[in-house]
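Asker: Before I ask anything, here is the structure I am working with.
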Amino acid sequence: MRPSLLRSASQLVRRSRRDYSSAAAAAGQPERKVAILGAAGGIGQPLALLMKLNPLVSSLSLYDIAGTPGVAADVSHINSPALVKGFVGEEQLGEALEGSDVVIIPAGVPRKPGMTRDDLFNINAGIVKGLCTAISKYCPNALVNMISNPVNSTVPIAAEVFKKAGTYDEKKLFGVTTLDVVRAKTFYAGKASVPVTEVNVPVVGGHAGITILPLFSQATPATNALSHEDIKALTKRTQDGGTEVVEAKAGKGSATLSMAYAGAVFADACLKGLNGVPDVVECSFVQSTVTELPFFASKVRLGKNGVEEVHGLGQLSEFEKGGLENLKGELKSSIEKGIKFAHAN
């Protein structure tokens, strides 16, 4: 790596940590424990690194069925405040979870070429159900950030598990759709020739294929440079972003690094909300009355209780209205599949 790139990377980390620290100081930062379930995996390891760098985290608990002692030892050497502990196997899951404020779940198998998110269902659904059963027992008040795919089904599974345990709080369960927002921002900035760090694009619906609906008509900064065909192409690329990475990695992985970044962004937003930072808004797949569907992704204001407000969709273009109607059938089916699995197993 060239010295100039090293300097740039170092400056970015220092600046990010200053930003985090300023937010923490302003809110009178309390002690916060974050647990990552699936911390030795392709998403879990870089996510553990990013959460170790976040000064809002005082305790970082890393859990997986294997490999976590090594990941924890590695990450623990980083000179940032969070104390790191590794836990391995079901017998240590309770200790890993106990006292957690935020639980992030990237556990499960990754996508492979030709595999849809639905193909992941049977394996990942069982994993999620087991982990959520433990959460309901050991940290029932934690904010749960669901990354394990298919999110359109795993979030409803988690909700049903928590309902059965008597611990369900719809304000504290989130499907992490932040990667769709990250992609939409990046692709929009590139096509509109605007600074990517200044871009905001809400993404609503779900977290798979056509259920992902970026609202480019609401993107800021606004631009007149994009044609209808450009918007259609940007929408399709955002929807197919995961497949683009899977194919580019030629069977050797999925979108692990960008997903870890997105997961860290959303977890940071949850921590800021818990700490009383005002006006923290992110898109997330949550229990919702925005549409007739029981779960839906839209802008959510985060606070001390988790979800403080679920925003409506705002004004949509005709293209977006069509996309909204088109996604409902598939999203409804995925939600029902998750609920059915939770009840049948």
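Backbone N, Cα and C atoms are what each Cβ position is placed from, and that goes for glycine too.
Bear in mind that the values here come from a model prediction, so they are computed numbers and not experimental data.
Look at TrEMBL and you will find His207 tagged as active site, proton acceptor. Sequence annotations record features per position, and here TrEMBL assigns NAD(+) binding site to Gly38, Ala39, Ala40, Gly41, Gly42, Ile43, Gly44, Asp64, Asn124, Ile147, Ser148, Asn149, Met259. As annotated by TrEMBL, substrate binding site applies to Arg111, Arg117, Asn149, Arg183. Per TrEMBL, the feature domain 'Lactate/malate dehydrogenase N-terminal' maps to 33-175. Per TrEMBL, the feature domain 'Lactate/malate dehydrogenase C-terminal' maps to 177-341.
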Asker: Tell me the Cα distance separating His207 (active site, proton acceptor) from Ser148 (NAD(+) binding site), rounded to the nearest angstrom.
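Answerer: Here the two Cα atoms are 11 Å apart.
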Asker: Calculate the distance in Å between the alpha carbons (Cα) of Arg183 (substrate binding site) and the residue listed as 'active site, proton acceptor', and round it to a whole number.
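Answerer: With the alpha carbons as reference points, the distance is 12 Å.
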Asker: Roughly how many angstrom lie between the C-alpha atoms of Gly44 (NAD(+) binding site) and Asn149 (substrate binding site)?
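Answerer: Cα-Cα, rounded: 14 Å.
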Asker: List the Cα distance (Å, whole number) between the residue listed as 'active site, proton acceptor' and Gly38 (NAD(+) binding site).
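Answerer: Each residue's Cα considered, the residue listed as 'active site, proton acceptor' and Gly38 (NAD(+) binding site) end up 20 Å apart.
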Asker: Test of understanding: give the count of other CB atoms lying within 10 angstroms of the CB of Ala40 (NAD(+) binding site).
Answerer: 22
Asker: How many Å lie between the Cα of Ala40 (NAD(+) binding site) and the Cα of Asn149 (substrate binding site)?
Answerer: 17
Asker: Rounded to a whole angstrom, what is the C-alpha distance between Gly42 (NAD(+) binding site) and Asn149 (substrate binding site)?
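Answerer: On Cα coordinates alone, these residues lie 14 Å apart.
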Asker: Across the domain 'Lactate/malate dehydrogenase N-terminal' (33-175), what does the mean pLDDT come to, as a whole number?
Answerer: 95
Asker: Would you list, in sequence order, the binding-site residues among Gly38, Asn124, Met259 whose CA lies within 10 Å of the CA of Asn149 (substrate binding site)?
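Answerer: Of everything listed, what lies within 10 Å of Asn149 (substrate binding site) (Cα to Cα) is Asn124.
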Asker: Which residue among the binding-site residues Gly38, Gly42, Gly44 has the fewest other Cβ atoms within 10 Å of its Cβ, if you could check?
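Answerer: Selected from the binding-site residues Gly38, Gly42, Gly44 on minimum Cβ neighbours within 10 Å: Gly42.
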Asker: Please compare the recorded positions Asn124, His207 by how many other CB atoms fall within 10 Å of each one's CB, and tell me which has the fewest.
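Answerer: The recorded positions Asn124, His207 were compared, and Asn124 has the fewest Cβ atoms within 10 Å.
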